[in-house]
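Enquirer: The transmembrane segment annotation in Swiss-Prot covers 14-30. The heme binding site feature in Swiss-Prot is assigned to H18.
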Amino acid sequence: MTIDRTYPIFTVRWLAVHGLAVPTVFFLGAISAMQFIQR
């Protein structure tokens, strides 16, 4: 039953990485777009 114990950890880690990476990329894209529009 080691697979059942490591699976949730991998899922939580995957969700945490994507949950932080997606908004960060979107936020950086919005900032770069704002600065590009201001110029």
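Using N, Cα and C of the backbone, Cβ positions are placed for all residues, glycine too.
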Enquirer: So, three-state DSSP: helix, strand or coil for H18 (heme binding site)?
Expert: helix
Enquirer: Including all protein chains displayed, how many Cβ atoms other than that of H18 (heme binding site) lie within 10 Å of its Cβ?
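Expert: Looking across every protein chain shown, the total is 10.
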